[in-house]
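Working notes, structure below.
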Amino acid sequence: MDLIYFFICFAQPIILFTPEMVTITAGSLTLGAFKGFMIGYFGILMGIVTMYFMGRFAQQRIVRHIGKEELFNKYTRLVEKNGDVIIGVLFILPILPDNIICAGAGISKVSLKRFIFIAAISKLITTFLYAYSVELANVFSISKLQLILSKLLIMTLIVLVNQFIKKKEPRKMKQLHDMS
């Protein structure tokens, strides 16, 4: 079971579109919080580094395969402007899939050493929180259903806020263009 969970975590940032929250929480429920955290963390981190190299060497083929070229180009511009901070924030907040973040970092000017450092810190935070969320729910007497529903609610709110911002952004750009 441990090896299967490791490979699922490894594949997640490369080919799976299942949110990390779901994968790590399921792993911690099955294997226990500590084991779910450790195996999940190293599996996801190895998958992230693999996707970085795929982005570095396959470049545009990866972008076409992912199929979100506009989103990818927007991310690459953000990384080139804001660097480390934006990569860390994007890894922690579920705004973009990890495969886009990793491939984008691989294509952009982000060094491997810097990328691994940012990914290791960011995923340490998220993996730990997701793995131990069940333990925290027990401390606060939250049922598993309430925990799952609260995670779904948080994910839904993040998606809705993100969509709202995307809709407002073109209007602001048009206003700025009209002013100049």
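A Cβ is built for glycine as well, from the same backbone N, Cα and C atoms used for every other residue.
Look at TrEMBL and you will find 19-135 tagged as domain 'VTT'.
Beyond the transmembrane segment (36-55), the same-chain residues lying 6 or more positions past its ends with a Cβ under 8 Å from any Cβ of the stretch are 2, 5-14, 20, 23-24, 27-30, 62, 98-99, 102-107, 112, 115-116, 119-120, 123-124, 127-128, 130-132. According to TrEMBL, the feature transmembrane segment maps to 36-55 (among others).
Annotated transmembrane segment per TrEMBL: 115-133 (among others), in sequence order.
Per TrEMBL, the feature transmembrane segment maps to 145-165 (among others).
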Mean of the pLDDT scores, which run from 0 to 100, over the domain 'VTT' (19-135): 82
